[in-house]
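Here Swiss-Prot flags 12-32, 70-90, 102-122, 142-162 as transmembrane segment, drawing on sequence analysis. Residues annotated as active site in Swiss-Prot, with sequence analysis given as evidence: D123, D141.
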Amino acid sequence: MTKSFCSTGLRWLWLVVVVLIIDLGSKFLILQNFALGDTVPLFPSLNLHYARNYGAAFSFLADSGGWQRWFFAGIALGICLVLTVMMYRAKASQKLNNIAYALIIGGALGNLFDRLWHGFVVDMIDFYVGNWHFATFNLADSAICFGAAMIVLEGFLPNAAAKKQA
């Protein structure tokens, strides 16, 4: 028996496209309007700042000679594949998990595109307090973090199946 597309979590793949459009659009605007290192204050504690990340989160392995580009690309592809299979196996009604998976896939694909096209990930969000600056990040990173937080949150919510048995 085959599942219909709309009955599975794949129904939420449209969110992947939304994340990709917003992420790649923001990166395009930065690349077109900023020189590397340029900073524009937006609000107190928030700047737009063009940075290149050759590594992973917090520039992990950024200075490792180039092999990390392909390593992180492989990890991103693997994660996207696993989460897509999980969405296929999930019911469309499992909204929280499917939305979380879609956010993570969209963010991973946005950063994967950067890695493969440019050789680095474009980062532009600079959050700071006083002289302390958090690592510069982008909207794809935000989507991945929100998705991961939603998965953790889902683990703390009561299970609907457990409620029916009680």
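Including glycine, each Cβ sits where the backbone N, Cα and C put it.
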Secondary-structure category, per DSSP, in which D123 (active site) falls: strand
Cα-to-Cα gap, D123 (active site) vs D141 (active site), nearest whole Å: 9
Cβ neighbour count within 10 Å of D123 (active site): 23
